[in-house]
Amino acid sequence: MDNKTDHKNDLNSQPVPSSAPHKERLTPMMEQYIEIKAVNSDSLLFYRMGDFYELFFNDAIEAAQVLGITLTTRGKHLGEDIPMCGVPVHAADDYLQKLISSGYRVAVCEQTEDPAEAKKRGSKSIVRRDVVRLVTPGTITEEKLLDPTRANYLMTLARIKTSKGEEFALSWIDISTGIFRVTESHPEKLLADIMRVDPQEIIVADSFFHDKSHKSLFNVLDRIVSPQHVSLFDAVTAERDICSYFKLSTLEGVADYSRSELSAIAAAIRYIEKTQITHRPPLMRPERQNENATLFIDAATRLSLELIRTTSGQRDGSLLKAIDRTVTGGGSRLLVDRLIAPLTTPSAIDKRLDSIAFFLRNTSLAEAIQLILKGGPDMPRAVSRLALGRGGPRDIASIQRGFEIIHGLNQLLNNELLPQEISDVQQVFSHLPTALHFRLEQALSDDLPLLKRDGGFIRPNYHKELDEMRALRDESRLIIAELQAQYAKETDIKTLKIKHNNILGYFIEITNLQATALTNTPQAKARFIHRQTLANVMRFTTTELVELEGRIAHAATHAMTLELEIFDTLVHEITEQVDFIRKAAEALAILDVSVALARLAEEQEYCRPKIDQSLTFRITAGRHPVVEQALRKQAAEPFVANNCDLSVQKNHQYAAIWLLTGPNMGGKSTFLRQNALITIMAQMGSFVPASSAHIGVVDRLFSRVGASDDLARGRSTFMMEMVETATILNHASSHSLVILDEIGRGTSTFDGLSIAWAAVEYLHEVNQCRAILATHFHEMTALTEKLDRLYNVTMKVKNWDGDVVFLHEVMPGAADRSYGVQVAKLAGLPTAVITRATDVLHQLEQGETAGKGNKLIDDLPLFSLKTTSLINEETNKHCMLHEALKNIYPDELSPKEALEVLYRLKQLEKK
């Protein structure tokens, strides 16, 4: 989760004057601003003034700094200039994005009446304004503010105190798509559950937030937590409020929610109503998540494996980046959902794998589907914007385009023998509302404006009256010319003209001599109404011309009104189909992910894993999905594949544990991570980077690879290591997979060895889980003699002319040394240090063998002038050799000359 500065508390103490005192010193507009600001003190106030949103006082100072806009002043208060800045309404989304990403909440205050209406109440009356929406990180819907590849979750965290202790529940909503989920949680897995969902904003009761016993949790979550009054989580009225929102008489038959779940759900609904104010987004009914249905991955493991983002927060370098071949926003979001919550039911996993296998066998069909899907619209987000009154013509077009894609895919899949998951997708597509699809095709213009107020989005010939209004608006000159010709013919006055001015409007003009034709009979007088007489001309009008003038004058306004009415009708029809649209969008995402994973499997030569309920863990020629692709991009040496078999061996009841030794840089951490990632990929329903894989479902995955201090909570690297190790030992079951790298390295040798030794014994005897443990404590390899399911494996290395070559192969056996000095040499440590380290290591090893370690350490000489001199001589020798080699050109030497050169080099080496 991003660590950005939290400005919410700053806004509570802004020096905005009270709305009560000093009113006589403020303009009516500023009085109104202060009254509205007082109710929204925890948010920046976007105060609508014509075509701008304006901010005042500290709001202006803060916003100007973040947005990089000019800070100016408007008026004075108590003799001081009032700071002010503003942003154009048409560009507000861009500025909102910057403010939200910087940790601010924004209250959007709009004019709620026309200025003309305000004047009717008195010349000094000001336009009414109200806050119509609170914009927060978890409640945004605008396309510009959202990442199309990422869900935007608002989470509520409820705590219920009972006689037995505390009960917790989480609910999370993506207001932009309508997704609504809920689950119970427990103190020990609360952080893991939150990190799995990865919300943009978390709502908690203020009493919970300030509870010191949970301080560490909220320190980790940092700025994304928004404390609210405890009444938001009231469980007593929760069921009533939930039923009211979803128009239900009772929750019976919907779900048997716990009290804590009801509190979390109700809090989410109340917060949505609080922030959206005038609109209720169409949410799905809360779907309960079964905690046992998905692979549990704790927060530390999720971070260290870099599933969605790297430890530095980047998408590049993550597993998601390596496997994502989706072509739609919905598909990308579904892939993330699957990646963060792998399944634990083999039949459900196989259902997904069947889809991938189908598209691998039908590559032409897969290519055709991906071509149709590519660049497809984000229907759930479009329909949410429309339902919230924030949508435009292009959102309606997104629905129409989505329907078109569904129609095409339905025809493409109709005659195929499909696997279950894709058959279900096709079944959803078959219920396309064809009448609405046809109406949208007929209604929408080809060239659509961004905003509905710009008009012109309804196609000609769709609505007769609208066509007439547009004709009057756009073709008024032609209509007047036709009427002028009609009157000229009727009166036999060829010079008759229809003209216009701001006083009379449209009128007929003839000379005084011609006026007789319009006034000589009662019928003519009744038809042509006299308006004005000038020196040489007379002016008339007709009932027809007056009516036409009125119609022309109001044509543009009426055309816009009609177009907006049609827009609202279409929006209503679309929102009536919201359930289908969401199901169809989910089906499109499933199709996108299935085809994308098939493409990945073919491209990277992945295999289908066998998944069952056994304790098997057998990977043949497994590879690290991220590292392998990185090496290919760099045109480096190919990735070295390795086997891993933690399965139950003959005459044993439980699975094996591998104890991995070997040098740094040998590939131990990569091997550990790749097996964890293969497990996640297999259980999310993906093919995996191996030649074969058989995995008994893993219920919990623990991976402790890498280490860092947690300075914010005062924890050292070693303390963090011990906390994470405690979590593993306390919660791993026989169906779990544990990946541990260098346990005990953060303390003294004997302390570390003792802890690592005891932890391995505990995993073997108590947890009885599948595990791979990497260590530098070579003494631990002796444990295989007493623990019958513990096996020694090592990273293969090769000595070549005094240097070490890492082969990155895992083989049976134990390493006899760590090759730390050789790695230091590769890293470029000074020759003096390497020479000295080699000498110290040699003497320490001799001392350990003889049992005289401490004495030898005391006897070891420090760097001396003699040592330095020898090192300098060695350096000079290398320089001479280097110079000699630099002046040799092998292609120009005869065999005899080459032999002479070799002798000279040999002489240099002996000096």
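Each residue, glycine too, has its Cβ placed from N, Cα and C.
Fair warning: this is a prediction, and the values are worked out from it, not measured in the lab.
Per Swiss-Prot, the features are as follows:
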BINDING   Gly662, Pro663, Asn664, Met665, Gly666, Gly667, Lys668, Ser669  ATP binding site
COMPBIAS  1-10  compositional bias 'Basic and acidic residues'
REGION    1-24  region 'Disordered'
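Shown in sequence order, Met795, Phe806 are the same-chain residues outside Gly662, Pro663, Asn664, Met665, Gly666, Gly667, Lys668, Ser669 whose Cβ sits within 8 Å of the Cβ centre of the ATP site.
Just so you know, of the binding-site residues Gly662, Pro663, Gly667, the Cβ with the fewest other Cβ atoms around it within 10 Å is the one at Pro663.
Within 10 Å of the C-beta of Asn664 (ATP binding site) we count 19 further C-beta atoms, all protein chains included.
Neighbours of Met665 (ATP binding site), defined as other CB atoms within 10 A of its CB across all chains, total 18.
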